[in-house]
Each structure stands twice: as C-alpha cells, then as structure tokens.
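*Asks:* First the structure, which I've put down as structure tokens, then a few questions once you've had a look.
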Amino acid sequence: IPDRGKQAAMEQKKFWLLAMVLVLGFSSLANGFFLKLRELYLTVPGQCQVEPNARVNCGYPYISAQECYNRGCCFDSSIAGVIWCFFPKDNTGIDSQNADVMLIPTNDATVDLPGSLPRNAKIKDVASVQQCQESLGALNQPLQNVIDLYRKVCPTDVKLQKNCGYPGIPADKCAKRKCCFDSKPPGVPWCFFHIIVEEGKEQVSVSMNATTF
C-alpha cells in the first residue's frame, strides 16, 4: 500500500508539472502570436514611411528593435543621427503638443533669437519658444517670422557635412532621403544633411539631423 501511495503522489506531481509546462507554453505562444501580429501591422505599406526629421520619438537612446516593436512603434537605424524608434504614421495616440519633435533639431547646438529677447535666449524647440512667450512676454513678432529668418542649405564646408547615407551611395538614393549630394572631394560623406543658417550670414554648425535614438 505504501508503494501505491508513493506512485499516486508521483503521478500527481507529473500531472501538475505537465499542466505548468502547457500553461507556460501557451502563454509564450500567445505572446509570440500577438508580437507577430504587431510586427505585421507595422509592415503595412506606408506605416513606417516617416521622414527622418518628422519622426516622433517612441523610445530612448540605443533602444533595441525588439523593444521598439513591443511598444508598437517603427524601428529604423539605417540613417545615422536621427531617431531610431518612432511612432507609425496613423498613430492617433500622439499628443502633438507634447510630442518630442525638434523645431530645429540639433546636436547640442542652438540659434540666437532676434528682437528684444536677451542675447543669451536660445531657440531649441517649439516648447522653449512658447515658454519664452509666456515667461518673458518679449517675443512681439509671430513665431513664423522668427523661423523665416533662417533657411536650409547644403553646407559647402566639409567640416559641417554630417553623413546621411552610406559609402558609395548613389545620388538618387541620397535624393530619396532628402539630403545633399556631392561626390567631391574624396574621403568625405557624399550624402549629407542640410544645415540651418541665418539669412545674410555665413554658414554655422547647426545640423538638421536630430539626436540619435
């Protein structure tokens, strides 16, 4: 009889072990299934076709592709100097007022604001301009007038040419990325980002590419 009790106990343990394996296996399959559905959704034509300078940040620096997909976002690390993990085009949950989009994307570079603001006042994004308007009350001209004082150009100084492509990229591929192209001189990026310059002034190192994500 004791042997039968031990055998019954062993059978019961096997039953519960098998049940746990089945539950864990089902959970894993279900999770993988939903992740696959999400990835398939992101492959719908046009969902992730967002211009680099229009991407809305959905992650953090050096986020992995899998974690980005887990958030329901698009991932593209093929272009240096721009956001890697970003919201798809038809994401209706984006708050455009608080979205992390740079008005003049920079790498720690800033541009002086003209007018009656102090010379140390800087413009980095829409939020900072609005804060200046609210706190200082000194920005008398419309925001668009401020933006119009700057223009986008292709830098002629090789020191200002930030890579927008890959070695040997053809002109048509560079044009699709809406970047500048110049295959001369050798040894420098052929495909590179525009820069922002103030009207009537020399080119300054204010890159059009956003901080890498």
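Even glycines carry a Cβ here, placed using N, Cα and C.
All annotation found in TrEMBL is predicted automatically rather than curated by experts.
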*Asks:* With reference to TrEMBL, specify which of the listed residues C154, C174 is paired with C191 by a disulfide.
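*Replies:* Here TrEMBL pairs C191 with C174 via a disulfide bond.
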*Asks:* Going by TrEMBL, which one of C48, C58, C85 is joined to C68 by a disulfide bond?
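*Replies:* Here TrEMBL pairs C68 in a disulfide with C85.
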*Asks:* Just to be sure I understand, if DSSP states are collapsed into helix, strand and coil, how many residues of the domain 'P-type' (152-195) fall in each?
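*Replies:* Residue counts for the domain 'P-type' (152-195) by secondary structure: 9 helix, 8 strand, 27 coil.
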*Asks:* Of the disulfide-bonded residues listed here (C73, C85, C179, C191), which is spatially closest to C154 (disulfide bond) when Cα positions are compared?
*Replies:* C179
*Asks:* Can you figure out which of C85, C164, C174, C179, C191 (the disulfide-bonded residues) comes closest in space to C73 (disulfide bond), comparing Cα atoms?
*Replies:* C85
*Asks:* Average the per-residue pLDDT over the domain 'P-type' (46-89) and send me the rounded value.
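*Replies:* Value for the domain 'P-type' (46-89), mean pLDDT as a whole number: 84.
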*Asks:* Given C48 (disulfide bond) and C164 (disulfide bond), what distance in Å do their CA atoms have, once rounded to a whole number?
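*Replies:* Distance (Cα to Cα, whole Å): 18 Å.
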